[in-house]
Amino acid sequence: MDIGRFFRRDNRFKEFNRAIELIVGAKPSNPLLYQLAFRHTSASKESMFKGFRESNERLEFLGDAVLGLIVGEYLFKKYPFKNEGFLTEIRSRIVNRESLNNVGRRLGLENLIESDGARNFQRTSLLGDAMEALIGAIYLDKGYKFTQKFVVSKLLSNHFDLDEVISNNTNYKSSILSWAQSEGKKVEFVIVEEKGKNHSREFVAQVLVDGEIISNGNGWNKKKAEQDASRRACGILKIQSA
């Protein structure tokens with residue numbers, strides 16, 4: 001047996017647990033859950049069940065549902081006189097992949113993610129996926145009340161300015177559509193390219209006015225790419241954003 005290797009592995013395990021304790025605010029009762037939360041599909045491992053490889057995808061699924069519930073409940077209580085449309089929109093801005101990527105980056109989650117090699121954390125959803133998987137792990141390890149406290153006090157209070165989230169209502173695509181309707185123009189939003197695979201995927205969109213290409217835009221999903229292209233088009237066409 002390689003004693004040195006054993007101690008190195010033991011030290012890594014202790015360091016990982018300390019990192020989780022600092023992020024979560026409590027010692028993990030089930031450290032293996034948290035290890036799984038940071039195991040990307042590219043580093044998935046064969047489980048005891050034939051054909052099933054363990055990664056953070058199932059925890060990500062659970063965390064997404066738990067996070068949506070907690071944020072929804074928080075907004076419901078904080079804004080008792082706002083309608084369903086407002087609550088849905090603000091929740092989507094908080095739990096979207098870009099927001100979760102930013103939070104994950106601030107928490108230093110890239111140092112914990114286990115993947116198949118070097119990945120561009122700036123241009124993929126790995127951090128946001130890991131953030132959701134972490135919330136799923138916390139929920140299974142500590143229960144709903146603890147997870148609720150973590151999301152509200154550690155995430156919402158520390159990393160989101162709700163007044164800014166609410167006021168940031170710029171929808172460039174809607175602005176162009178409104179402009180086109182008033183000017184009698186035909187606008188098209190076209191996805192012209194899709195680059196990368198899975199979590200490294202990037203889309204390229206174009207805005208066309210009366211068949212003429214006005215701008216290109218990039219994004220991690222089609223909606224983001226169209227918004228980016230629309231933002232550029234608004235600048236080129238001098239359209240006041242909504």
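Every residue gets a Cβ built from N, Cα and C, even glycine.
Residues or ranges marked as active site in TrEMBL: ASP64 (among others). Under the DSSP three-state reduction, ASP64 (active site) is assigned to helix. Around ASP64 (active site), a 10 Å sphere centred on its CB holds 19 further CB atoms from the protein chains shown.
When secondary structure is read from DSSP and collapsed to three states, GLU132 (active site) falls in the helix class. Sequence annotations record features per position, and here TrEMBL assigns active site to GLU132 (among others).
Of all Cβ atoms in the protein chains displayed, 28 besides its own lie within 10 Å of the Cβ of ASP129 (Mg(2+) binding site). According to TrEMBL, the feature Mg(2+) binding site maps to GLU60, ASP129, GLU132.
When DSSP labels each residue, the domain 'RNase III' (13-143) comes out as 86 helix, 6 strand, 39 coil, counted as helix, strand and coil in that order. Annotated domain 'RNase III' per TrEMBL: 13-143, in sequence order.
For 171-239, the entry in TrEMBL reads domain 'DRBM'.
The two recorded residues ASP64 (active site) and ASP129 (Mg(2+) binding site) have their Cα atoms spaced 9 Å from each other. In sequence order, ASP129, ALA130, GLU132, ALA133, GLY136 are the residues near GLU60 (Mg(2+) binding site), counting only same-chain partners six or more apart with C-beta under 8 A. For the domain 'DRBM' (171-239), the mean pLDDT of the prediction comes to 88. Highlighted in sequence order, ASN56, GLU57, LEU59, PHE61, GLY63, ASP64, LEU100, GLY128, ALA130, MET131, ALA133, GLY136 have their Cβ within 8 Å of the centre of the Cβ atoms of GLU60, ASP129, GLU132, the residues recorded for Mg(2+), and are not part of that set. Its own atom aside, the Cβ of GLU132 (active site) has 27 Cβ atoms within 10 angstroms in the protein chains shown.
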